[in-house]
Amino acid sequence: MQGKITQVMGPVVDVEFSSYLPMINEAIDVNFDIEGRKNNLVLEVAAHLGDNRVRTIAMDMTEGLIRGQEVKARGKPIEVPVGEAVLGRIFNVTGDVIDGGKPLESDLKWPIHREAPSFENQSTRTEMFETGIKVVDLIAPYSKGGKVGLFGGAGVGKTVVIMELIHNVAYKHSGYSVFAGVGERTREGNDLYHEMKEGGVLDKVALCYGQMNEPPGARNRIAFTGLTMAEYFRDEKGLDVLMFIDNIFRYAQSGSEMSALLGRIPSAVGYQPTLAGEMGKLQERITSTKKGSITSVQAVYVPADDLTDPAPASVFAHLDATTVLDRKISEKGIYPAVDPLGSTSRILDPQIVGEEHHKVATGVQQVLQKYKDLQDIIAILGMDELSEEDKQVVARARKIERFLSQPFFVAEIFTGSPGKYVTLEETLEGFKGILEGKYDDIPENAFYLVGNIQEALEKAQKLKNA
């Protein structure tokens, strides 16, 4: 299965075989020396050109390749390590360990290109996935095997929310997480690794990085590398896995770069004509089966804040819930800075979450919306000009705002407050009490950065005695 290179165009390499035609997505190895240093480059077949010639995408830099160079087809797609051995380690797109640690002690490998679970194997039951984060569980609950879009600019706390979710899954569900850095900044990937190490969650997560400086093939396929590791835990171990993709926009962006290099005619805004199909290929594999589930949280970058751009628009079609982080909320010192009016969930329905949950969540949103509407009047005329009823709404809304904040386990080193996991029952009990006016006589400071309502009452007692 030997062949030779006939053309190199940046990350696209044409290869010719004398008596063999590799299948689409098959891996091809090229071993060559650059300045005396041995290099192993992996190519992936993307198109058949006829006459036993194939067009491939390189998974690493192609500097040093020359025409006529020998290559060897593997006869199978790229395979990556799976199983418990991958936890706490960092991998690149081809499954090599890149954290400078000891070699991997496992021979178990799975191909990155796999079929999505069939209809009969999928689980049709919609279950809520408890995260232990009050604002998420109350306003925009995640569903098991669902997909969540995490929208937010730089510095509003996307990474901290991701790390807390990884911690809570490990702590409450004894589950594992997989993090795929798709077109990530190397610095951010490095920071995340060290923060997870300090936060004590590294041994429950596998990290896969295809950074910004890598060719489009690596940035595109890294999502499949991470997903394959997650699928193993779901299908073989029967676990509920959490899968993080940061950033899903870069997956679409790298696909558009590859498409142009492969000579396909671009469609709207220069994106690949196969954008919807490629997005579906990835997203359809993220689902619940009868054995376990993969719940994914995907950070979504919105170019120029244009939600109608084809890339984010192709993601929206697949999302079950959106968690929107707002800078205005983080400026108030309320963390997590989730916008309770901007975040949505498909399962916030009385038939799925229950009548009480739905009633409390909509009640909270109504009070916060009323407070938002009154803010202009308060800014111009002050609180004294409001009616007694409106004053009560404002007081309750301010308590709700503060009660939506929560000390995180992974942020203990910054806040000095021990982290709190709040069950859904405790969350509903607390917000229901505020809406009913049970805690109207308690100062709003008592609700800031606490877990359940009991802690708020204890804090109020301490403030009173101080």
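Quick reminder: no glycine exception, Cβ is built from N, Cα and C everywhere.
Among the features that Swiss-Prot reports, ATP binding site is placed at Gly152, Gly153, Ala154, Gly155, Val156, Gly157, Lys158, Thr159, with the record citing sequence analysis. A sphere of 10 angstroms centred on the C-beta of Gly153 (ATP binding site) encloses 13 other C-beta atoms. Secondary structure from DSSP puts Gly153 (ATP binding site) in coil.
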I need the most crowded of these binding-site residues: Ala154, Val156. Count other C-beta atoms within 10 angstroms of each C-beta and give me the top one. Val156
Under 8 Å Cβ-Cβ from Gly155 (ATP binding site), six or more apart in the same chain: what's there? Arg327, Ser330
Residues near Lys158 (ATP binding site) in space but at least six apart in sequence (CB under 8 A): Leu150, Gly152, Asp246, Ala299, Leu325
As a test of the contact definition, list every same-chain residue at least 6 positions from Thr159 (ATP binding site) whose Cβ is closer than 8 Å to its Cβ. Glu188, Asp191, Leu192, Glu195
